[in-house]
Amino acid sequence: MRGPIRAPRGPTLRCRGWQQEGALRMLMNNLDPEVAERPEDLIVYGGSGKAARNWAAYDAIVRELTTLGSDETLLVQSGKPVGVLRTHEWAPRVLIANSNLVGDWANWDEFRRLEQLGLIMYGQMTAGSWIYIGSQGILQGTYETFGAVARKLAASGRYRHSRGSLAGTITLTAGLGGMGGAQPLAVTMHGGVAICVECDPDRINRRMEHHFLDTKTESVESALQEAIIARDENHPLSIGLLGNAAEVFPQLLHMQAPIDIVTDQTSAHDPLAYLPAGVALEDWHTLAQKDPQWFTDEAERSMAAHVEAMVGFLDRGAEVFDYGNSIRDEARKGGCARAFDFPGFVPAYIRPLFEEGRGPFRWAALSGEPADIAATDRAILDLFPDDEHLRRWITLAGEKVPFQGLPARICWLGYGERHRAGLRFNEMVASGEVSAPIAIGRDHLDAGSVASPYRETEAMADGSDAIADWPLLNALVNTASGASWVSIHHGGGVGMGRSIHAGQVCIADGTELAARKLERVLTNDPATGVLRHVDAGYQRAAAVAFERGLHIPMTDR
Ligand code: NAD
């Protein structure tokens, strides 16, 4: 039995350069028990999202990274190192491809057959690309999304008193896993009340330990009562309710619960990671393994009941959205005819941000020193003094967000902003303002790096939702621009057959070469988001491209 994994800290190198060392530390950090959901199985988050295919492959990746030259590139195929090739110093040190299957074969059955044979692994988004930072990563996106919900409710004339916060509202959601665990804190940061249904008591306890969740109960009645009292007193509160969402959502609907906002973040994208009603928690994984087809049918039937209740709340006037886990399509398969009556969160709230190339920008202090993140927080505020929304987030995050694993931060920045932050961090490494290099990356959920018709590219203006050329171009351009590692994945977030997406990470090691690479990668990466939205006909994207001097052939200007 191996002991817990923890990334090395401090300024001492185990590898032959910081680019390789950064990859090594971020891989290990993904499997730190503070960060990963099931590190003993190499599972980082998102149902079965893994950092390496198996322990032998993990050990081999670590070995290869420690000997890798600064003119070599390690190739990783679905979590297994398959080659070290001579490249050059501008090339990425690691190139990763996870879970990719040819179109007609791109389904869970085929994936699981290959997984059983030990030939493939599910990389989710930042699990297999080694830039997961725990719940904070999703907290920022969730904070953005619930902020947009609050503004929409205020603009609609309801809850005018709330002035764009969630004060006076009750949100109902489910799933307190790696991603979903951010929901309670995001809602209370906006002043609201949340009831979060979760079937696994350990997950509830974990969120309470990390102070993402305020309180817990096993009773639907007392959860509702506490929520109503808190709402009426305008007191932000999050309640973890132990139960199965497929049972509790319909029950709350039947009780005429005064719910204002409804969403869900169970691992619905993978039917084997959704607990069907009537199946005991302790039987979950045995039954899923024993008869995956039966389990899938049961899970889809339960998701249909779960989503029927969400549609019921919609009919009563609640704000209802799919939070990027594909529950609508699974529910449709389970027999829910009205599953797509409510929208996904991207077309509902996030697309205008994507038009500007805005999206998640995250960084981790390879030193392990929280003071380094505090210094970078100050640098971000100095760089963007007029961005009030950013100031509020960075300040609240500094106060409320505990670090998991290596200290890290995330905020959303757009095209023309990210490279400024990257260059400043690189200067801070060079000058010793921070005590070791900084890893800078992002989620694949971004403006130009993903094709996902049930999520990031749902309802594109020109109908181009399923065109996956864009994430592939994004990965190619990040490779050409000098990222430290680049990845192309399939199936993250929404499951097999439903998405293709790319990631990049750069190590700011304080060198002149790193500065030149950072400037290019952190300009070009969000640029692909603007290009993608200009191409799809979005006016704001065209204006951003014009204002910020992005050259786009075949446009009017
Ligand atoms: P996870 O597997 O860590 O957590 C899922 C949680 O749902 C678990 O705690 C599980 O016990 C619980 N659960 C499963 N079935 C349940 C049921 N019937 N009733 C109540 N609880 C149940 O997954 P995660 O990392 O939290 O991700 C959740 C989903 O969000 C995934 O589908 C993921 O792909 C998706 N996702 C969304 C975004 C986004 O930006 N919105 C980003 C990444 C991933």
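Quick reminder: no glycine exception, Cβ is built from N, Cα and C everywhere.
Computed from a predicted structure; not experimentally measured.
Per TrEMBL, active site is recorded for Cys411. There are 22 other CB atoms within 10 A of the CB of Cys411 (active site), with all protein chains counted.
Summarising the environment of Gly178 (NAD(+) binding site), the number of other Cβ atoms within 10 Å of its Cβ, over all protein chains shown, is 30. Sequence annotations record features per position, and here TrEMBL assigns NAD(+) binding site to 46-47, Gln124, 178-180, Glu198, Arg203, 244-245, 265-269, 274-275, Tyr323, Gly493.
Under the heading domain 'Urocanase N-terminal', TrEMBL lists 5-131.
Per TrEMBL, the feature domain 'Urocanase Rossmann-like' maps to 134-349.
Annotated domain 'Urocanase C-terminal' per TrEMBL: 352-545, in sequence order.
Separating the Cα atoms of Gly493 (NAD(+) binding site) and Cys411 (active site) is a whole-number distance of 20 Å. Among the recorded positions Gly178, Glu198, Tyr274, Cys411, Gly493, the residues whose Cβ lies under 6 Å from any atom of ligand 1 are, in sequence order, Gly178, Glu198, Tyr274, Gly493. Around the Cβ of Tyr274 (NAD(+) binding site), the number of neighbouring Cβ atoms within 10 Å comes to 31.
For Cys411 (active site), the nearest of the binding-site residues Gly178, Glu198, Ala245, Ser267 in terms of C-alpha separation is Gly178. Of the listed binding-site residues, namely Ala245, Gly493, the sparsest CB environment within 10 A is found at Gly493.
Secondary structure at Gly46 (NAD(+) binding site), as computed by DSSP, is coil. Mapped onto DSSP classes, the domain 'Urocanase N-terminal' (5-131) shows 41 helix, 24 strand, 62 coil.
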